[in-house]
Amino acid sequence: MLLEEVRAGDRLSGAAARGDVQEVRRLLHRELVHPDALNRFGKTALQVMMFGSTAIALELLKQGASPNVQDTSGTSPVHDAARTGFLDTLKVLVEHGADVNVPDGTGALPIHLAVQEGHTAVVSFLAAESDLHRRDARGLTPLELALQRGAQDLVDILQGHMVAPL
């Protein structure tokens, strides 16, 4: 990778992390920085963006950023959005093709992370799209994780979306 490409990736990632929509647009449209340019840490702007900024996500995705990019631990932007509870960002990612059934390095789907953190609205959104029979590295399904946490509201949501496996 060329030093110029890394510097461009650093600038784009920095602007995305700060939530600076104008700078992200300038870099993408005027300087023609590729939306999946890697920064010096091997991450894209979508991976390091300020998750509360759906405008950043939209701009990057409209310019061709991959919604399914994973870091070395297997974490993708949908994992991060689910874990941190940013439903609006998660919806934007899914609308642009993010796969909610790709596990991270621990075998967890985004819904496992949302259950673990107690993000009810995120669990409700993901339940219809997720493989609820998928087990994480500890062998737990999202429902079993909710039961283990004693989170009855999440248990109710998940049970409402359960379909018997074939």
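Backbone N, Cα and C atoms are what each Cβ position is placed from, and that goes for glycine too.
As annotated by Swiss-Prot, N-acetylmethionine applies to MET1.
Per Swiss-Prot, repeat 'ANK 1' is recorded for 41-69. The predicted model assigns the repeat 'ANK 1' (41-69) a mean pLDDT of 92.
Look at Swiss-Prot and you will find 73-102 tagged as repeat 'ANK 2'.
For 106-135, the entry in Swiss-Prot reads repeat 'ANK 3'.
Summarising the annotation, Swiss-Prot assigns repeat 'ANK 4' to 138-166.
Sequence-remote contacts of a segment are chain residues at least 6 beyond its ends whose Cβ falls under 8 Å from one of its Cβ atoms, and for the repeat 'ANK 3' (106-135) they are 74, 78-79, 81-85, 87, 90-91, 94, 100, 141-143, 145-146, 149, 151, 153-154, 157-158, 160-163, 165. Here the repeat 'ANK 2' (73-102) has, by DSSP, the following mix of helix, strand and coil residues: 17 helix, 0 strand, 13 coil.
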